[in-house]
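Undergrad: As annotated by Swiss-Prot, Mg(2+) 1 binding site applies to Glu31, with the evidence given as sequence analysis. Swiss-Prot lists Glu31, His147 with the feature Mg(2+) 2 binding site, giving sequence analysis as the kind of evidence. Feature annotation from Swiss-Prot assigns region 'GTP cyclohydrolase II' to 206-405. Annotation comment: Swiss-Prot describes His130, Glu168 as site 'Essential for DHBP synthase activity'.
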Amino acid sequence: MEEIKLNTIEEALEDFKEGKFLIVVDDEDRENEGDFIIAAEKITPDKVNFMMHHGRGVLCAPISEERAHELELEMQVPDNTSVHETPFTVTVDRLGNGCTTGVSMYDRAQTILALADPNTRPSDLGRPGHICPLRARSRGVLRRAGHTEAAVDLARLCGMQPAAALIEIINEDGTMARLPQLWEVSKRFGLKIIAIKDLIAYRLKQESIVEKGVEVDMPTEYGHFRLIPFRQKSNGLEHIALFKGTWDENEPILVRMHSSCATGDIFGSMRCDCGGQLLQAMEKIEKEGKGAIIYLNQEGRGIGLMEKMKAYKLQEQGMDTIDANLCLGHKADERDYGIGAQILRLLGIKKMRLMTNNPVKRIGLEAFGLEIVENIPLETAPNRYNEFYLRTKKERMGHELHNIK
């Protein structure tokens, strides 16, 4: 069987600048699909026809959050419950400019061009329509490893307007095209094919999203460590790397990616297992003689201390930890692993033995181009205050908790 060899991001960017299609694939643990993606400002009726004929999916137009705001494109629903939280806005058609029903290849191309044109006003777009804009997250693939963000990132990296067109690639028999079939499609049409994880790695190498502080000695009750603070450039949040020992970049290092928990880490709360996991991680690293804890300022799975306390109040009234978050308008987990991934890279860690019970954390870090060679559980003994919480994490979030029957 022919070896599948993906293109480099540098090769892909050259084609993208010229208005050529790229095939972009995501992680097999996510959607495991490939999309045709092209810069919005390079679209033509013939290219729309190609996408519809050979892609067979849903024709969408990813745009930046800022662009969606400028065009007054509201989200399609206030509470997105789709599997991967695909960020659909209201659908649109270009008004005027020779457009009629909005469904022809010409009309669709005109609508996509209008989304990219900085002169387009909200009143130039009819709602609903035949094009589905997608609102990309700020910070792109460094925030969400999806095709929407990849498309906008590619446009920005090429110096174009932050807008693109994409469509999923479906086999002729109606099944989703996976990597072997996508590889054949790329050869058939002479298109470059790239992976989102490689785009993430490219951006992490090219861009700095955190500012490194001074390194200091940090003796603790659980071992002797070194500590470096990091400041997130986008919002000023400060994070910590607590580590011990030295290593080379190909060595699998013991790592704990730990989100801050003031109640558990500082006060020893029995409502969660956070404090116990942190201490276990420190003890394991001390025993091993090398390793790192990335302490992320993402209280309450990313919702903040005030909102976490509101969630606690709802839990006292009978809700579980997930439903409490959802009731408050949050996702079950809002953490951003891109920050931790860059901190690990700055520490020279590319391979790790990850200390976690959370499969989503593993997937989240692997999406940023890091290799996890082993998963090491950090289990604490349940108590009467946190047993329901731990059971929820096991049954609804897939955590590997053998102490919970």
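Even glycines carry a Cβ here, placed using N, Cα and C.
Help me picture where these features are in the structure shown.
TA: If you draw a 10 Å sphere around the CB of His147 (Mg(2+) 2 binding site), it holds 29 other CB atoms from the protein chains shown.
Sequence-distant neighbours of His130 (site 'Essential for DHBP synthase activity') (same chain, six or more apart, CB under 8 Å from its CB) are Thr91, Asp93, Thr101, Gly102, Val103, Asp107, Arg108, Thr111, listed in sequence order. In the three-state DSSP classification, His130 (site 'Essential for DHBP synthase activity') falls within a strand.
The 10 Å shell around the Cβ of Glu168 (site 'Essential for DHBP synthase activity') contains 19 further Cβ atoms across the protein chains shown. DSSP assigns Glu168 (site 'Essential for DHBP synthase activity') to a strand in the three-state reduction.
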Undergrad: Averaged over the region 'GTP cyclohydrolase II' (206-405), what pLDDT does the predicted model reach?
TA: 93
Undergrad: Can you tell me how far the Cα of Glu168 (site 'Essential for DHBP synthase activity') sits from the Cα of His147 (Mg(2+) 2 binding site), in Å?
TA: 10
